[in-house]
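Data block below; observations after.
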Amino acid sequence: MKLIILDHYSQASEWAAKYIRNRIIQFNPGPDKYFTLGLPTGSTPLGCYKKLIEYYKNGDLSFKYVKTFNMDEYVGLPRDHPESYHSFMWNNFFKHIDIHPENTHILDGNAADLQAECDAFEEKIKAAGGIELFVGGIGPDGHIAFNEPGSSLVSRTRVKTLAMDTILANARFFDGDLAKVPTMALTVGVGTVMDAREVMILITGAHKAFALYKAIEEGVNHMWTVSAFQQHPRTVFVCDEDATLELKVKTVKYFKGLMLVHNKLVDPLYSIKEKEIEKSQSSKKPYSD
């Protein structure tokens, strides 16, 4: 497990974006080899998405051969509703990059058979070869996706009833009107995310400090579903200083002492421009008479 501690939200967002960029470029995706990326919604990943868009616009990164799978979607909310996760992803990320729409996968909360939709989503992940890197965020109660406290740590994609704390937290997106807030959602399971070859979890802000403490300093507990990722062989937690307020001083000191090593994951920062130059140079035949 790696814990990356940056000073501020913007730095944490940039580190995460650099990591995703390097992972995609090092994977060297192509027509017969897609990079599969799991993605979250919410305010936490917005800074990361903005940096990824910047990398694309600068010509340093392409999503042409990337397939994405989103974590969740509300049940009963029209796809074009401004607060649907379809709208969120298209407005904040997908429409700004070169990803093909057919390569984006978001659960359909209006499907006639919701469980069949969840089962099909799992099959699509398998057909894509599994998730290479699953990026996630958490709530103050430690839930990941909509795996609320008490969720099974081996759960799969399913229909989930939302906890009242989540409904109250989401009311701000629905004019503060609890009656407008969806009470159910489709969500990947903890087990679904655990199946990814690598997991990166973004945790920022003092309001999530206790959840981070539960995630890494205490034992695995289904009341704090994010704690399950202690047992994943390749978990990266990316956080800002505020999120570390509940951690022991020695824990923070230990992981900060590893930053010189961990920063090598994003430095050097790779670019598809460099890859294209290397490719063109290697394809040139030596001069001969």
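These residue numbers are counts, starting from 1, taken along the chain as shown.
Keep in mind that glycine also has a Cβ here, set from the backbone N, Cα and C atoms.
Pulled from Swiss-Prot:
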- ASP72: active site, proton acceptor (ACT_SITE)
- ASP141: active site, for ring-opening step (ACT_SITE)
- HIS143: active site, proton acceptor (ACT_SITE)
- GLU148: active site, for ring-opening step (ACT_SITE)
- LYS64: N6-acetyllysine (MOD_RES)
- THR161: phosphothreonine (MOD_RES)
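Features recorded in Swiss-Prot, as mapped to the structure shown.
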{"residue": "LYS64", "record": "N6-acetyllysine", "CB count, 10 Å": "15"}
{"residue": "ASP72", "record": "active site, proton acceptor", "CB count, 10 Å": "21"}
{"residue": "ASP141", "record": "active site, for ring-opening step", "CB count, 10 Å": "19"}
{"residue": "HIS143", "record": "active site, proton acceptor", "CB count, 10 Å": "26"}
{"residue": "GLU148", "record": "active site, for ring-opening step", "CB count, 10 Å": "22"}
{"residue": "THR161", "record": "phosphothreonine", "CB count, 10 Å": "12"}
Coarse DSSP state, helix versus strand versus coil, of ASP141 (active site, for ring-opening step): coil
Length of the line joining the Cα atoms of ASP141 (active site, for ring-opening step) and THR161 (phosphothreonine), in Å: 16
Closest of ASP72, HIS143, GLU148 to the residue listed as 'phosphothreonine', Cα positions, active-site residues only: GLU148
